[in-house]
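A.B. asks: Questions regarding the structure given below will be posed in turn.
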Amino acid sequence: MASDSEALQGLYDKHCVQGFKYAYGTAGFRYNADVLDTVMFTTGVLAGLRSIYLGGKTVGVMITASHNPPQDNGVKIVDPRGEMLEKSWESYATELANSASQNFASFQNKLKELLEILKLDLMTPGCVAVARDSRDSGPRLLAAFKTGTEVLANLQVTDHGVLTTPQLHFLTCKTNDLGQGAVIAETLYFKEFLSAWDELTMLCNIQSLPYKIRIDAANGVGAPKVEEMLGARSFFDNTFTVVNGDWKNPPALNHLCGADFVKTNQRLPQGISGDAKQGPHINCSFDGDADRVVFYYVNSVGEFKLLDGDKIATLFAKFFQELLQTAGLRDELQLGTVQTAYANGSSTHYLEKMLGVPVTCTPTGVKHLHHEAVKFDIGIYFEANGHGTIVFSEKVTELVTQKFSDASESKDRHNALQLLLVFSKLINQTVGDAISDMLGVMAVLSILKWTPEQWDNEYTDLPNKLIKVLVPDRTVFKTVNAERQLVSPVGLQQSIDDLVDKFDNARSFVRASGTEDAVRVYAEAATRQKVEELVTMVGQLVEKS
Ligand SMILES: CC(=O)N[C@H]1[C@@H](OP(=O)(O)O)O[C@H](CO)[C@@H](O)[C@@H]1O
Ligand SMILES: [Mg+2]
């Protein structure tokens, strides 16, 4: 630790300002970039402490505000296996930030208290790997973060520069897997997923994609990364186009484009037209840090059709169910899906009733979904907004290897077993990843020889709408039952239920956002007109409460 109080104060004074109250939300700290310097400094300290606490394992830190507007930024800590920070440490992160936001003495006391509670041996070396997205506040906030890491004397900091969020998760995990001496760079990421793609296309004899893909990269960091990655394989020559790839122009980030814009507005982003002259193709949109992807197409009568996270989850569920059947592992490996309350009711019905695949519902935020998904052997989790992945248990590899060595198995069965393993490599299991998920979806569509329409026709979404309501204090909105019911403000849930009862096939719920200063209202109903009516009325109830 900075040897004396004076040195510590010197570091503190460089970046900390007083007065702002922070909270570690759905995806870390996320606010207007102007108020983030203090929390960046304390996150530098805390990430270091977390690494030391874990015996020197590398802890990741991502500076991003994902789908938020360009003036925002944020930071989140990634645990050594690439998962989100353990829950109990979220409060330490919040307390340390708020103490620094009071004054130097509070910060110093809180740090001392944390060292005592956590019984940290400061001689243990620690390692932190940091990356940022393309926002223009990134370099300034990175500097504040690095000053925070200087509070701990034995901390090694690796700055990976500009990466997508899933690249940082992946590299954090790899650093710990490969250990000292290994060269950890983004080429590892490209190599890993491209090798899996090569293996898959060879195994399934796929010479080219069935149609072209247009990628809306939200003018974010996903643009240069996907271009570099796919550009490295002749397989992808003339098959993909990146639109909204202006990542060096930060004000354009997420503006009229990107996964969140497309999902929320249920329309094409800027730069992608519904022009049928383009030949057979599919479109997809990444979000600003490329950990989400949604697909879409324009049908023969010119309608915009969204293939969101629910559609991705159901596609994978159907595919893996059939693959397990062919592999002869349907009874031995448990396939399951995890959704949040924002999943379209039709998708849940399709999974449970049509496919017979179990569905667990958790609160919003991939950390919650991931936690439940690992309870299955093949756990598919996607938020409706396209954020998600698939996790495979060790039992999958064990059983596949065991069965594979059985020469009496048929060729089809051998292929299915191999395909299971290849998919477990093609999918970035550490976290939702727009690039890896996109390749996963394209692989499934190529194998099934499905058009976007065929994928879409598996079930029809109920008309739905998500709106934001600004309230004086969103913290009064408290929920239970995986965020589907409000317990505060008292009486509001009853009024919502009474209203929903008046609509056919309807559902609506309200919760405070964990990333924006707003309350979200979601509604589904039998028709587009009815859903507009319902969401507006629930929104009015929220405003009045
Ligand atoms: C309805 C919705 O899409 N909520 C998003 C959003 O969280 P909120 O807590 O709703 O602001 O951002 C999260 C982080 O990207 C993402 O995990 C989540 O799904
Ligand atoms: Mg994101």
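Each residue, glycine too, has its Cβ placed from N, Cα and C.
So TrEMBL lists these for the protein:
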- Ser66: active site, phosphoserine intermediate (ACT_SITE)
- Ser66, Asp287, Asp289, Asp291: Mg(2+) binding site (BINDING)
- Glu383, Ala384, Asn385, Arg511, Ala512, Ser513, Gly514, Thr515, Arg520: substrate binding site (BINDING)
- 58-97: domain 'Alpha-D-phosphohexomutase alpha/beta/alpha' (DOMAIN)
- 183-294: domain 'Phosphoacetylglucosamine mutase AMG1' (DOMAIN)
- 308-450: domain 'Phosphoacetylglucosamine mutase AMG1' (DOMAIN)
- 466-538: domain 'Alpha-D-phosphohexomutase C-terminal' (DOMAIN)
A.B. asks: By a simple count, how many Cβ atoms lie within 10 Å of the Cβ of Glu383 (substrate binding site), its own Cβ left out?
C.D. replies: 25
A.B. asks: Could you tell me what the rest of the chain brings near the domain 'Alpha-D-phosphohexomutase alpha/beta/alpha' (58-97), counting residues at least six beyond its ends with Cβ under 8 Å?
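C.D. replies: Hits for the domain 'Alpha-D-phosphohexomutase alpha/beta/alpha' (58-97): 22-24, 27-34, 36, 38-40, 42-51, 107, 110-111, 114, 126-133, 135-138, 141-142, 145, 158, 163, 165, 168-173, 175-176, 218, 250-255, 258-260, 287-289, 291-292, 365-367, 370, 430-431, 515-516.
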A.B. asks: Over the span of the domain 'Alpha-D-phosphohexomutase alpha/beta/alpha' (58-97), count residues by DSSP class, listing helix, strand and coil in order.
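C.D. replies: Residue counts in helix, strand and coil order: 11 helix, 14 strand, 15 coil.
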A.B. asks: What Cα-Cα separation, expressed in whole Å, is found between Glu383 (substrate binding site) and Ser66 (active site, phosphoserine intermediate)?
C.D. replies: 15
A.B. asks: Out of Ser66, Ala512, Gly514, the recorded positions in the record, which is closest to Asp287 (Mg(2+) binding site) when you go by Cα distance?
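C.D. replies: Among Ser66, Ala512, Gly514, Ser66.
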A.B. asks: Could you give the maximum C-alpha to C-alpha distance in Å for the residues Glu383, Ala384, Asn385, Arg511, Ala512, Ser513, Gly514, Thr515, Arg520 that bind substrate per the record?
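C.D. replies: For the residues that bind substrate, the greatest Cα distance is 17 Å.
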A.B. asks: Near Ala512 (substrate binding site), how many other Cβ atoms are within 10 Å of its Cβ?
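C.D. replies: So the Cβ neighbour count for Ala512 (substrate binding site) comes to 20.
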A.B. asks: So, by DSSP, how many helix, strand and coil residues make up the domain 'Phosphoacetylglucosamine mutase AMG1' (183-294)?
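C.D. replies: Going through the domain 'Phosphoacetylglucosamine mutase AMG1' (183-294) residue by residue, I get 44 helix, 17 strand, 51 coil.
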A.B. asks: How far is it from Ala512 (substrate binding site) to Ser66 (active site, phosphoserine intermediate), counting Cα to Cα, in Å?
C.D. replies: 18
A.B. asks: Quick one: what's DSSP say for Gly514 (substrate binding site), helix, strand or coil?
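C.D. replies: Where Gly514 (substrate binding site) sits, the three-state DSSP reduction gives coil.
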A.B. asks: Spatially, which candidate from the recorded positions Ser66, Asp289, Asp291 is nearest to Arg520 (substrate binding site), comparing Cα atoms?
C.D. replies: Ser66
A.B. asks: Of Ser66, Asp287, Asp289, Asp291, Ala512, Arg520, which recorded positions come close to ligand 2, meaning Cβ under 6 Å from one of its atoms?
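C.D. replies: Once distances to ligand 2 are taken from each Cβ, Ser66, Asp287, Asp289, Asp291 fall under 6 Å.
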A.B. asks: How does the model score the domain 'Phosphoacetylglucosamine mutase AMG1' (183-294) in terms of mean pLDDT?
C.D. replies: 95
